[in-house]
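Everything on this sheet refers to the single structure shown next.
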Amino acid sequence: MTDFALDKPGKSRRPDLLAYATLSLISAFCAVPFFWVLLASLDGNAQLFLSWPREWTLNNYVRVFAEEDGARWVFNSLFVVGSATLLVMVLAGLGGYALSRTRAWWKQPFLYAILLIRVLPPTALVVPLYKILLTLNNIEGNLVRIFVGGDTARAIMRWIGFIDGYLGLILVLATMQLPLALWIMKTFFDGLPRDYEEAAVMDGATMLQRIRRVLIPLALPGLAAAGLFAFISAWGDFLLPLILLSSPELQTLPLGLFRAFLRVNTIDYGFLAALAFIYLMPAVIAFGFARRFLVQTFSGGVKG
Amino acid sequence: MINLRNVRKFYGALEVIKGVDITVEDGEFAVFVGPSGCGKSTLLRMIAGLEGIDEGDLILNGKRINDVPPDKRGIAMVFQSYALYPHMTVAENIGFSLSLKKVPVAEIKRQVGDVAEILQLTDYLDRRPAALSGGQRQRVAIGRAIIKKPSLILFDEPLSNLDSALRVQMRAELQRLHRELKATVVYVTHDQVEAMTMADRIVVLNKGTVAQAGHPMDLYHSPDNEFVATFIGSPKMNILPVTLSRPDAGKLRLENADGLAISLADGGANVAVGEAKLGIRPEHLKVSLGGQGDFSAEVVIVERLGVETYLAVGSPKDPIVVRAEGDLSIRPGDRVSLTVDLSACHLFDSNGLVIRRPQTL
Ligand SMILES: Nc1ncnc2c1ncn2[C@@H]1O[C@H](COP(=O)(O)OP(=O)(O)O)[C@@H](O)[C@H]1O
Ligand SMILES: [Mg+2]
């Protein structure tokens, strides 16, 4: 009995070691670039090649926020990408539910049609998109100027403008991310038995109670996955902000990074590394946050 | 008491419930049984209010409830998947309907405690459904139903997710609960053994119609038609094609190609002669090696279980199944004589409807 009990862990130790060794190697491989960037950003005299910093300094970070408009870029990026992600989660949650439950004949054609948005390269869409947005922007601008004068109008358009305004970029980023999110949520709701909702109906839950107390909690893992993909993909988008934004106050982080790269005659690796590290953080944090929901097992009520 | 009167349901042009009349008395354990796709779930969901009723009346305790919303009918349902919310604890799951009604927290806690007591779930109230066994989840699902003090509880194949040992145990437990709660139950299953063991009244459904309703033993002993005859009972009733003739008044003669020849009193019923079917259960055929019988046949398969022996005799494609008490040392290829228990055989016309012979059955 005792022998048997001791035997088991002993036997599995070797494969365990192997698994851990492999996993460590993979994580080291993944982590090296992060450390590289972190090291370089803390190096007073960073070069293209990795070296142990001889003088440690936070100076690069200070420069990002004090000399450059770093705080503004971070805010712009977080605000635009965060709003787009929120919009995607709401629309994909509602739309995915509807697409999963409907028996309409246009369901399949619609699902494949929206994938086209994703399949077409954004670069090819840029010109027609710009034209449409510009037209909308002009109409909107004229409308706004009916009610308020020059400077106020410009301030308002910075928020709700389609070109060189937050709203336009948020809508376009959300549109790009919506198809995949809709597919994720549709597939997710397909796997969620109707029984949950019907049980709630039998218990006397209103439509709102059903959504808030049953569907949203059940859909959280799916929403987290859809939101994570949307956030990371929109966070990394460079082309759309480059084209749609021109005011310096609206610049996002990747644009700031890009302009800093171009502007100085000699490349300042420490400064760039600090910017890059700041740029990395939200994606890592978003992943860490969503992971909790992604791994949440679902075995409980779904399968017996 | 629940009453269905000429109830119909259409999915588009497809009629899935074809004019059904069913009555379930107060405190009864009624089982709707039938093959998959016959409309059991649809019928149950119509009673629950999850599906509309296209025609007919649904009457609960004297009130027509066709248009009453599901939560106002006083009916609770236990789903096949249990539909326990994985993000809520057992207590929250059981108390969900009360919390929707804004019942004070202390009162919910008290009632959940009472229900948990009945279902032996007191120690698990803080767990999530994921941390429960199949049988415990089943009990939570029942708890969620009975906390509403419904006048009728509906079950849709509640045991089909459990393994067979647990199924037997839960069958007994459900019967115990039914006795303690004195609730009226409508229980849906495709498993005739479940129906036979639990029901006070069985409703056999076939293709959207009621094939027969009654006490389990009524269905076993006097089925109305070939469908019920072969659906109830395991192994199922043998159906032999026979030719009916009337050599003398008051006598019926049955013959078939295998040399079966038996005489029955026709009991005054005006039975039409010609093609018919003889239904005989495996337990109502007596087997002997050699000797006299109503007919003889070659043994194809032998299953010796010790306490009983099953034989398949006749043509290998469409054998007649025979159940014999005890252990018989018969081997495939042997020839056996079979005697029909005349008091227990059934006659069906070519449409599968029973031919009743009042005095002999
Ligand atoms: N929503 C629906 N639309 C169309 N046909 C349906 C729908 N639901 C069930 N059916 C059909 O109705 C019949 C009865 O189904 P159901 O009540 O689920 O059978 P059971 O529970 O007895 O297996 C089946 O033939 C099924 O295909
Ligand atoms: Mg069913």
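Here, residue 1 is simply the first one shown, and the rest follow in order.
From the backbone N, Cα and C atoms, a Cβ is placed for every residue, glycine too.
Pulled from TrEMBL, these are the features on record:
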- A:17-39: transmembrane segment (TRANSMEM)
- A:73-98: transmembrane segment (TRANSMEM)
- A:74-290: domain 'ABC transmembrane type-1' (DOMAIN)
- A:110-130: transmembrane segment (TRANSMEM)
- A:166-185: transmembrane segment (TRANSMEM)
- A:214-232: transmembrane segment (TRANSMEM)
- A:269-290: transmembrane segment (TRANSMEM)
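When Cβ distances are compared across the two stretches, the transmembrane segment (A:17-39) makes no contact with the transmembrane segment (A:166-185), since fewer than 3 pairs at least 6 residues apart fall below 8 angstroms. Distant neighbours of the transmembrane segment (A:110-130): 99, 163, 172, 175-176, 178-180, 182-183, 186, 237, 239-240, 243-244; these residues of the same chain sit at least 6 beyond its ends, with a Cβ under 8 Å from one of its Cβ atoms. Beyond its flanks by at least six residues, the transmembrane segment (A:214-232) meets 81-82, 84-85, 88-89, 92-93, 96-97, 174, 177-178, 180-181, 184-185, 188-189, 192, 196-197, 200, 205, 282-283, 286-287, 290, 292-294, 296, 298 of its own chain at Cβ-Cβ distances under 8 Å.
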